[in-house]
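Positions annotated as transmembrane segment by TrEMBL: A:12-29, A:35-56, A:68-85, A:97-120, A:132-153, A:165-185, A:206-227, A:247-268, A:289-307, A:319-347, A:359-380, A:386-409. Residues annotated as domain 'Cation/H+ exchanger transmembrane' in TrEMBL: A:17-409. The domain 'Sodium/hydrogen exchanger regulatory region' annotation in TrEMBL covers A:534-583.
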């Protein structure tokens, strides 16, 4: 037996296996995950495992290594979050999100830090040796809302999109603030005297860390997109580049002490649309699947390790300090949300209701990031107290808040996520309004959101797409893309039902020739795009779209200096006309 | 700048990135890979990189760590090889493959070892201090054909399936022999005296190492299949289990000093059909894609590292020893193939031609496994000589043999791989003959290949499938499965062409009712199954199959004690009849 030799990969594989099997176990009993969030169950599994290890070895089980967490477990989750981030609500609320993430986090750090310092002055608690700087340092690590914990809980409660993106976006972007403040206070703790220059340098660092992260991320993202231009002959390594470049962006940012989370999110959001257009359909399935798989495993491992690390003798149980930490975390977050939302609501038409505010404040879960940061603290005599307080705050937020948030959402009747996809009509209207608003902003000289979006879109189609896309003809209308996707889905379904080639022809909806009556357009606009309840309706819509596709394609470049109209792709045209004629016959 | 902190993942990512970019680079110029095998190009890149590192640092560049090779780089390649192994030709030729792998490798080991010992006796070469045991040890590591190198070259030259599986199967299965002989001689080298008991124990080990590997692999494979029964609700982690269990089988085998390669291949081959039936289509795409991607990256890294490790001062250039090693490797392999094939041909109707024998002998490439083994040797004063000889043998086989094998295959007009897939008619005939031969063997009391295959298939459908498959109704006929696959493919193609719902009805081939004229059957039998040159013919075939599918399904369980005939799934039936009627109308 030669265990030494294979120990490292063997144990890693076993841990991942355990995590995956635990996940399967929960889902075998459907009732459990609908009451208790998966994160709680996983921490519970970890607690039991930690207890077993502690009981058998009679010493503390290994704690989660901060390096492993930051280098290997966190990136997949953040990459997944960034890649599947709904970009429209994110950019629509970017101002509010940044306000919560930057000002809100600073508010929480100083609020918690100063009030805990106040508690330390009470002689009965025997905490007078904890200095203000140490309290602020502790505040900087405990204040930040954790993206992993938020994602785990909010993915299950299905609140409306805006609320979700506000909490989730904050949890991602506050990383820049946390990094800066944590490192600032840590270096202050080790300095003999603090000059005012250092404080100003700290403020400047905010911008460097945040914007630097964005810059690093975007440059890696665009490089990734550019690389996938040349992978046509070796499709099989396409997915690799998505993972390699985003991981490199994270590591590079970490190397330069920038915000790795911000970098990987920018990278994922930057490359997504170009990579998707360049790589094959199967590569894309693999990318999506593997991202989800990886983040899901990371997530599971993190919560199990959180549980395991809780057991042991790393803690100093000074209950007043711990209890006040929990209370201050709740109070300062609630106050912060109230005050910031007051300002946000003054400048927005679409205000954040008081119910939403309550959920934003209540959804401020803490998680593994705090936990890893507290273990990274330099050794000093009260480190174990901070570890204990952090552990209790995490367990409190994940268990108490995580388990009660779903009933509270039900009770308050918070606006839920729309179950149905937007109709074609809605999508057309939204697009139309975007163009209209961009025009209005341009005329009125107001450089708002829509103006910039329009400019960006212009820059994208004028330069970026030409450089980054392999087959750059002319941007396909998204409605054509949607139609193609629907057709493919429909075809597979038909093939599975064995109905291919026998499409039910319903004469009432067929309109001969190229002109379509207005009643058909109404039908078209009212059909749901995905998960339509009525398959017949979907069929009809596709019938109509199929008829119209010919016309949509024809309305391409109407006049071009070098080609005569109708001159392009004659064989394709002929084929289409043939098909149409064939159908009509 | 904090490079220390991210060094390990950063450098790994950069190496993988370099490997992937090199691959893209080769494929940008289509001419290069068609003349020079990719493995040669990659070694060349490695040599250049090694030269640069050597020039800059003025010391030997790092050699490939044997642990990294055996624990991380080799398993993905072998897993890929096992998972996509064509099982029919493999099992049809298993006897010949085992003969080459076991007897052939032993022949080579002792042949090379003893003749090199003879060379060492020549005084002019100054090699008298190399003992017989050391020569045999060197023979045991240099004799084995390398699967990675064979795969890299044979995948590009497209020889016929039997020839390919003979060389490739040998290269995989000789691992058990190599492991045993290498460890045996290594322990003999360290022992003061060798007893005859030790030699007999060594012979017994062959069976333990080989069969133990198969056993470990199969048990992990079946566990994997069993686990995927329960993943219906969390599709996203399905692909993980395929990778985790096969890796665990490899590590477990290595831990117990069994053959890891044999274990992972058995695991992959054992789980494949059950896992494929259990997991979703998208998971399966991800599994296939990721396996190919991973093995492709590993392969690239191995060859680059081979090149890098060649540069440096680890070598002792005793040219007589090195040249004779190359010559003996060639001679003993050629002799071995000739002798063994003589025996094989006496017992087989389908003989191995002399051209095939030449390619088998010539295709005995050496690669990274020898290289890693020679570095694992215990330190003794002639280790650098062995390293030099191994390096030269690898470079000679990969460059000279690898680059000339394609022209030789052309020159000799070796039978190539069939470009076209077998027709439906052929497949039906093959299946029919299998059953017939199984029956004949059963009647004549001859327990041959077909008899065992039939028994295994019976055992599989009677017990294994019931335990391992999630939806075990009744085994779907493979022709129905093939039809479903074709339908899906066709549907996607139709959707892409925008023709869905307008299938071209060709009345000449349509036969009304359930009976189909014999002319249609002829059409059916003659159509190629995949990549059919004529899409119309494919359409016709599908039309006919679509008509027949109803009848195929009806010929299920004709009589059952608990159900009346035709009682099962009435709604499905009704739907089908409706569709058929609809079509006929």
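Start at 1 and count along the chain as shown; that gives each residue its number.
Cβ coordinates are placed from backbone N, Cα and C, and glycine is handled just like the others.
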| query | When only pairs 6 or more apart in sequence are counted, do the transmembrane segment (A:319-347) and the transmembrane segment (A:359-380) reach 3 or more Cβ pairs under 8 Å? | reply | yes
| said: Can you tell me which parts of the same chain pack against the transmembrane segment (A:359-380), counting only residues 6+ beyond its ends and a CB-CB cutoff under 8 A? | reply: 63-64, 66, 69-70, 73-74, 100, 134, 137-138, 141-142, 144-150, 153-154, 159, 163, 166-167, 175, 178, 182, 186, 189-190, 302-303, 305-306, 309, 329, 333-334, 336-338, 341, 352, 386-387, 390-391, 393-394, 397-398, 401-402, 405, 408-409, 412, 414
| Counting only pairs 6 or more apart in sequence, are there at least 3 Cβ pairs under 8 Å between the transmembrane segment (A:289-307) and the transmembrane segment (A:97-120)? | no
| task | Please give the sequence-distant neighbours of the transmembrane segment (A:97-120): residues at least 6 beyond its ends with Cβ less than 8 Å from one of its Cβ atoms. | result | 90, 127-128, 130, 132, 135-140, 142-144, 165-166, 169-170, 172-174, 176-178, 181, 206, 320-321, 324-325, 328-329, 332-333, 335-337, 339-340, 343-344, 360
| query | Do you know the mean pLDDT across the domain 'Sodium/hydrogen exchanger regulatory region' (A:534-583)? | reply | 50
| request: Can you tell me which of A:68-85, A:132-153, A:206-227, A:247-268 gets the most C-beta pairs within less than 8 Å of the transmembrane segment (A:386-409)? | output: A:132-153
| task | Take the transmembrane segment (A:206-227) and find every residue of the same chain, 6 or more past its ends, with a Cβ under 8 Å from one of its Cβ atoms. | result | 102, 173, 176-177, 179-180, 241-242, 244-246, 248-249, 252-253, 256-271, 274-275, 278, 464, 467-469
| field | Non-local residues, at least 6 beyond the ends, that sit with Cβ under 8 Å of the transmembrane segment (A:132-153) | value | 37-39, 74, 77-78, 81, 105, 108-114, 116-117, 120, 167-168, 170-172, 174-175, 177-178, 181-182, 184-186, 188-189, 261, 299, 302-303, 325, 329, 332, 363-370, 373-374, 377, 380, 382, 386, 389-390, 393-394, 397-398, 402, 405
